[in-house]
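J.: Here it is, the structure, as structure tokens.
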Amino acid sequence: MASRQNNKQELDERARQGETVVPGGTGGKSLEAQQHLAEGRSKGGQTRKEQLGTEGYQEMGRKGGLSTVEKSGEERAQEEGIGIDESKFRTGNNKNQNQNEDQDK
């Protein structure tokens, strides 16, 4: 029990010195803050995946993976002839809204 407490104190001290001690906890100023950041980032990504569906989430990752400091993922995809199907990005609510707009035309 004391060993676990010492380990936690050591990790907290390293976090306070600016080291990332929890995967996904970048930016947290303490062990607890890093744990909360990592949990929130994980939940945010999972929520987005649920909204977009697996295909949309993969397309978005493909586009994001092409981006650089100089160019957006869209610009790089166009230059390199890589097709990105942005229709897969739309969430369930957007799909319904777009269908309604199409009917109005």
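Just so you know, glycine gets a Cβ as well, placed from its N, Cα and C.
As listed in Swiss-Prot for this protein:
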type: COMPBIAS; residues: 7-17; note: compositional bias 'Basic and acidic residues'
type: COMPBIAS; residues: 38-52; note: compositional bias 'Basic and acidic residues'
type: COMPBIAS; residues: 71-89; note: compositional bias 'Basic and acidic residues'
type: COMPBIAS; residues: 93-105; note: compositional bias 'Low complexity'
type: REGION; residues: 1-105; note: region 'Disordered'
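Give me the structural setting of these features: burial, nearby parts and distances.
T.: Helix, strand and coil content of the compositional bias 'Basic and acidic residues' (38-52), in residues and according to DSSP, is 15 helix, 0 strand, 0 coil.
Within its own chain, the compositional bias 'Basic and acidic residues' (71-89) has Cβ neighbours under 8 Å at 52-53, 55-56, 59-60, 62-65, counting only residues six or more beyond its boundaries.
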J.: Please report, as numbers and ranges, the same-chain residues at least 6 past the borders of the compositional bias 'Basic and acidic residues' (38-52) whose CB is under 8 Å from any CB of it.
T.: 22-25, 60, 88-92
